[in-house]
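Engineer: Mind looking over this structure? Questions follow.
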Amino acid sequence: MAARVLMKVMAGDGFAAPALDAALQHAALPARDAGLATHVVYGTLRHAPSLKAALAPLLTGDTHPKVQTLLLAGAYEKLHLGTPAHAVVNEYVNLARAARLAPPGLVNAVLRRVEAAPMDRASTELPEWLEAVYRQAFGAQADAVTADLLRPQPLWLSVSEAGAASLQAEGSTLTPGPQGVDRVELSRPLRETDAFRQGHAQPINPASMACVDALGDVEGVRVLDLAGGAGVKAAMLAARGAQVTSVDVAARKHAAAKGNLNRLGLRADFLTHDLTGPLDVPPASHVLLDAPCTGSGTLRSHPEIKLRLTPAAVQAMAELQARMLPHAAALVEPGGVLVYSVCSVTPQEGPQVIARFLEAHPEFTVEPAPDLEVPHVPAGPGVLTVPDGGVDGFFIARMRRVGESSD
Ligand SMILES: C[S@@+](CC[C@H](N)C(=O)[O-])C[C@H]1O[C@@H](n2cnc3c(N)ncnc32)[C@H](O)[C@@H]1O
């Protein structure tokens, strides 16, 4: 199952998280096997660059992409998971034979001989240009950050008191983390817990919560949640008492957001709109643009991004963000607050988008984001949360429109 998920993801067909989730739900594996499949999928993706380097000298001529993926997973099990070599060879030879994918002799020979590649760039498992991005962003902390990106992602939950009590009663452990988000070790799959089913728990990374908190107190306030997607931040805003209107170009995401809000016993309004053009709704005192981005700050939970992302794609995303921001800004009342966030650590998508915007829009000034508990570093007109300890890397800038608020 892990190999099948990996073949899909390595072929560029979607992301690992939904593919694995769907496969796990379909297969209904015992918890230990589900855990192993998760390790194999994420571990293979996280270590793919050095595993490819280790396999390269053993492969002559063209190797079918699916066979390469099978060998990557086998090499991961042998070199990183500590599965005994003979078991790995046996298992993957059988897989290749059953799927009629590759001559079993090839799989046997390669997996028997594969050894860890010499450590050089393998220490970060990042393409050179992306490693430079991380070094520039996090300086002295870059080594710790890039090492952390190779560890399994913890589960972060925003959980009510009742939810915490219910999870603990089921044998889960909760450790308080930044932005009021708990780090949780579950005793059974999240969707099966009472806390989740009864709407007392919402998965959210602390850095993602920091974007919500950057808006300040939103109790009773109308908030425009722009590029609201599947509505995780919309839910957290609604939970803080905001009247949320969530806007996204993708109507299908509204359905997911509504379903999740229903589960949580919360509500929001939804508008389907392309924010590269103006949106005709009354301005609001609080506007969040959680813009589409490359996700370069989420490599721990989405390791496949580093295998696909290119500098050209970063540039294209920065251009899209720069087109959306003025339309978001136009929806901010005088005296109101605009928060711009992206889950990316590239300078193009964060500081540079905001710097260009401020040059053209002197009616906006930057101010510090309040309640920022996640570790962060300055990044031009905003901050970057530090993707260490399972926290994602987000760029967050809070701006205020000059003028008197109408309240
Ligand atoms: C980072 S995700 C949003 C995540 C969401 N805020 C949350 O917390 O769950 C970015 C969203 O931007 C949306 N998007 C992309 N291009 C857009 C556009 N031109 N206009 C409006 N939304 C857009 C995508 O559909 C995606 O849902």
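Using N, Cα and C of the backbone, Cβ positions are placed for all residues, glycine too.
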Engineer: Report the candidate from ASP274, ASP280 that shares the S-adenosyl-L-methionine site with ASP248, ASP290, as recorded in TrEMBL.
Structural biologist: ASP274
Engineer: Name, in the order they occur in the sequence, the residues of the same chain whose CB lies under 8 A from the CB of CYS343 (active site, nucleophile) and which sit 6 or more residues away.
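Structural biologist: Looking at Cβ-Cβ distances below 8 Å from CYS343 (active site, nucleophile), excluding near sequence neighbours, one finds ALA207, SER208, CYS293, GLY295, SER296, GLY297, THR298, ASP392, GLY393, PHE394.
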Engineer: According to DSSP, does CYS343 (active site, nucleophile) fall in a helix, a strand, or coil?
Structural biologist: coil
Engineer: Need the DSSP three-state call for ASP274 (S-adenosyl-L-methionine binding site) to compare against my parser.
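Structural biologist: Its secondary structure by DSSP: coil.
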Engineer: Within a 10 Å radius of its Cβ, which of these binding-site residues (ASP248, ASP274, ASP290) has the fewest neighbouring Cβ atoms?
Structural biologist: ASP274
Engineer: What is the set of residues, excluding ASP248, ASP274, ASP290, whose C-beta falls within 8 angstroms of the centroid of the C-beta atoms at the S-adenosyl-L-methionine site?
Structural biologist: LEU226, ALA227, GLY228, GLY229, VAL247, VAL249, ALA250, HIS273, LEU275, PRO292, MET324
Engineer: Return the maximum Cα to Cα distance in Å (whole number) over the record's S-adenosyl-L-methionine-binding residues: ASP248, ASP274, ASP290.
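Structural biologist: Overall maximum Cα spacing for these binding residues reaches 14 Å.
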Engineer: I want to verify one value. Collapsing DSSP to three states, which class is ASP290 (S-adenosyl-L-methionine binding site)?
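Structural biologist: Reduced to three states, the DSSP call for ASP290 (S-adenosyl-L-methionine binding site) is strand.
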